[in-house]
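Engineer: Feature annotation from TrEMBL assigns domain 'Palmitoyltransferase DHHC' to 95-218. Annotated transmembrane segment per TrEMBL: 7-31, 43-63, 141-162, 182-209, in sequence order.
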Amino acid sequence: MAGRPGYLTLPIFSVLAAIGYVYYTAVFVAVPRWLGLSTAAGVANAAAFTALAAACLATYAVAVRRDPGRVPPGFVPDVEDAEGAVHEIKRKGGDLRYCQKCCHYKPPRAHHCRVCKRCVLKMDHHCIWINNCVGHENYKIFLVFVLYAVVASFYALILIIGSVLHSVPKDEQSGSDSARTSIIICGVILSPLALALAVLLGWHIYLIIQNKTTIEYHEGVRAMWLAEKGGDLYHHPYDLGVYENLISVLGPNIFCWLCPVSNTVGNGLRYCTSYDIPISTPPM
């Protein structure tokens, strides 16, 4: 039971502990040593980092608790609808994709998660750090959390480096050794963490621009190889162009792209493809 979605696990406690330790070191150790909490610059930086840390905690909590998307009971694809969605089929046999474990058909882009023990709409991957799948309903929130975490990590590194380079007054209290130790430990934690989060953010930005999930990327590599082997060209069917791809994940309101709310387009059962006729195109 402890590993199922919605339950607190050791990786989740580790993330919360890391956020708390970095926040304490940045605001109560680095800022006082460099700028001082009694100065306008010190108060401004402490307030800015506090707001950023709060945004990280809020988006992380939503990513942990938000259901990534469930397949409705009794879902059956409407194969007789001429204007309906493009139905995905199995590689072998050409039948509609059916989950033997959940005993229902799979909507487009849905996959079965062995950890969650159910199918997830537009599944990207299962993340142990949130003890949840990243799917249709929480992908944007997960992305925004990673973005805030990257900004907070580099911000904290700047504060730590500034406090190290700052010349400490000679009359400083005897607690300087413990403060220096905290800064060193925090710097050792943040350096690889900031790099890893930046790579993760860049990877998902790359996926969003092409309107792919991590699973679809790996499937596309094989599909591209098979297409080239047969002398054809492979095109990802859900790639609608950069702007439309961004809207499909982040929502139609650009001012809400960085908000911790899920306003993705659609219900996760049908997705526009490059084969669909645009609404603005008049019928022939």
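Each Cβ is built from the backbone N, Cα and C atoms, and glycine gets one as well.
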Engineer: Looking at the domain 'Palmitoyltransferase DHHC' (95-218) alone, can you tell me the average pLDDT?
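Structural biologist: A mean pLDDT of 89 is what the predicted model shows over the domain 'Palmitoyltransferase DHHC' (95-218).
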Engineer: Do you know the DSSP helix, strand and coil residue counts for the domain 'Palmitoyltransferase DHHC' (95-218)?
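Structural biologist: Result for the domain 'Palmitoyltransferase DHHC' (95-218), in helix, strand, coil order: 66 helix, 17 strand, 41 coil.
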